[in-house]
Amino acid sequence: MVYAQEPEFSKAGFWEVKNSGRDVFNFNVGWRFTKGDVKGAEATNFDDSNWALVNTPHGLEYNSSEVSGSSNYQGPAWYRKHFKLDKNTVNKILKLHFEAVMGKCKVWLNGVQIGEHYGGYLPFTVKLNDHLIKDGDNVLAVWADNSDDASYPPGKPQNRLDFTYFGGIYRDVWLVATHHVYVTNPNEANKVAGGGVFIHTQKISETAATVFTKVDIRNDFSKTTKIKANLRILNKKGEEVAKASQNVTLSKGKSSVVTKTFNISNPKLWAPWSPDLYRLEVVLTAANGEKLDGVATKFGIRIIDFKGEDGLYLNNKAYPRKLMGVNRHQDHGYVGYAISNNGQWRDAVLLKNGGSDVIRAAHYPADPAFMDACDALGLFYINATPGWQFWSDIPLFEKRVYEDIAQMVRRDRNYASVIMWEPILNETKYPEHFAKKAHDIVHEEYPYQGAFTVCDKRAGGQEHYDVLYSHDNNAKFDGSEKRSYFCREFGDNVDDFNAQNSTSRTARGWGERAQLIQAKYYAFTDADDYTTWETLYNTPRQFVGGTLWHAFDHQRGYNPDPFFGGLTDVFRQKKYSYHMFESQRDVSDTNEPMVFIAHEMTPFSDSDVTVFTNCEEVRLTLFEGEKIIQKKVNKSVYKHILTPQGQPNITKIVGEKAMPHPYVVFKDIYDFFDLKGMHRARKKHNASIVAEGLIDGKVVTSFTRVSGKHPTKLKLSLESQNIPLVADGSDFVLVVVSMVDEKGNTKRLHENTVKFEVFGEGEIIGDASIEANPKRLSWGTAPLLVRSTTKAGKIRIKASLVHQGINSPLPGELVIESVLSKDVFINSEIGSENNSLASLNRNVKVSSEDELKNKIRQLEKELINMKLKIEEKNQKESDENR
């Protein structure tokens, strides 16, 4: 993978500084859980022994891959956790940091309520000290309710909502232990443009950058305290490039702000093609040199500006292309919102490698781990406050929207990836005074250059906003509008919003024709009033770019059908449209030329062969030289150059295209009867299509498509984006089983049912009740989600057909390995979705008996295949003699 790298994550709002006086513990493992409104579950002596034992991030349940129509659980649920702390920890200030709990929730410690929160997408903290048992067992209880509630955003009932309120403690929980003098958390400090650490790039050049920093420090000692704040900036190699220190006198119970401006020589500027990050470390020391607290914040040195008719500027230079990407909801097949940190990173890698340079939040702030990945991988991010087509005149609702906007900016203000803030409620008819207030809050919380608000061009109060959302055909380029435009959602194409039949909403299992129609419509079409890659690239610089609706298939509350318009399915299995997006990435960005044949060579495949590529030319070789065709693709002129063997070149100009890399169509190339002829002539192994990508007349990459032959086995492959599976009890990876022939070519039209078994340090997510295991093949494949345990080790995965016969394809196996987590955990129990770790089969090795059975089965299969060859010959002769 081009952009795969070792993932790193912030914890409770900061990156760790080792041995600094601050400890951050992973609090995700070992929660007792039950659905329903249980009376008295907050009490310390409540018996939770018969509750499920789970780890967070956790959804309330597993759901099928098609759970739209509000069939997911909504209602109260309870979590309880027993824990003890060591003597080095109990005397510190102890706070639990919840990254998000869906809906409304209340928190108790040892039977005393210590906090509550409303809203499902932003963090909150609770302090433990006042009710902590220092030398014994503590019980934390959390009541979480994802029921409809109009008093906080989004507010809209799920059965009228275009997404889903998947519930639970679905993001991380961290226990933060600090001394009594510490750097505050901006979401907890609740200060306008304050709290925590604030970093802002003031100015840059090729040789120097000026970076402004602000640090909020609090003293919870019972007396005035003198400390020193030590700040230093490190580059990505860990080299110190700037430092400063300041003596600070802190009154008891008060906080103080330290501001420093740093000059950095020869800075590495952040950009999507070079996402260099720096690290600001803040360490507080006492008069005697003792380290009291330490936090780090990663940031990119960059300046963003929208210059109206001149469009987007990055680092004082005009952005060199359209800014293109996708929207992203956070749900995933089976698990809902409960995606691990590594899972968040896998999503970001998948989208970056798939041609996206910008992600728009749909329609709420993302997991901090996803934001960390955007910064590290070079993905711009449009941040959005929770909301969708709903406004309430209840003052409390409006107040909570404003709170969400402020907390969103405070949490994410230091991310280099944040390019715009969307503080309005998506597609909502809100009062104009709200529009202005929402815009003002963003600029109050980020009072420096570089904060840009965005809303719809036709929305009330739009005159206050810095950038406008619009489709390209609704934008004005006559000078009457001085602001820049961006298309927030393009590509969706429905007959109406009741039936919702669409050329763009294509389930992966519907096959190549449906997938190809989707991919082509996303690229360009002759239809009027339809925004595509092509139409966006045909706009002037004032129109900055756009984001496709949507990255992944996802569930919805108000419609029984999932949204099928994604570049992948809900499990992240790619569709053809993913490869169309991938082909738009310039080779100069990644040094990765690509070519992909969107054709499966089945009996029902189209006669035209479509190729996606970012190369200058494509040479198509059919049936190993039976026919060779070459086409040249220019960004300005789209030429088809046909060179069949033995014939002169024919050049046909079919039209100018503005998008970077138009797809190439080889007309009337494929005929199943030609393929049949190859087989009958004993040339079936020559039955292939090879696409070669050429740059400067030289072949730089190739792709081979071979028709699937007789199915012989099941093949398992790991689809992890090269991101390791971490043994933290919550991380999971996608494993795909394919029905293949003896050469490993997928048989797309098979729909057998497969059962899975897992051995070692892993467990299967889901069972027959949600059609997860056994699983029916769709378009030749079936997904399996494998979750880690808390112990690193090997995991053996086996797939076999539910209904096996003597001629059935052989089972497949795959061994993967989880890696040790770097986190320090606090837990008294270990969760497992199977409720009992004892139920897991730890024997990762194949037994000698099973190994012998497999060998016998393979020998039987070979013998049968020899006999089938005779039957094949007899049938061929019989057919020829008719």
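Every residue, even glycine, has its Cβ placed from backbone N, Cα and C.
Keep in mind that what you see is a predicted model, and the values were worked out from it rather than measured.
Look at TrEMBL and you will find 842-876 tagged as coiled coil. The annotation domain 'Glycosyl hydrolases family 2 sugar binding' is assigned in TrEMBL to 71-177. Sequence annotations record features per position, and here TrEMBL assigns domain 'Glycoside hydrolase family 2 immunoglobulin-like beta-sandwich' to 197-302. Annotation source TrEMBL lists domain 'Glycoside hydrolase family 2 catalytic' at 311-436. The annotation domain 'Glycoside hydrolase family 2' is assigned in TrEMBL to 716-800.
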Segment proximity, the domain 'Glycoside hydrolase family 2 catalytic' (311-436) to the domain 'Glycosyl hydrolases family 2 sugar binding' (71-177), 3 or more C-beta pairs under 8 Å: yes
Three-state composition of the domain 'Glycoside hydrolase family 2' (716-800), taking helix and strand from DSSP: 3 helix, 46 strand, 36 coil
Structural state census, the domain 'Glycosyl hydrolases family 2 sugar binding' (71-177) (DSSP three-state): 10 helix, 44 strand, 53 coil
Summary of DSSP states over the domain 'Glycoside hydrolase family 2 immunoglobulin-like beta-sandwich' (197-302), given as helix, strand and coil counts: 0 helix, 74 strand, 32 coil
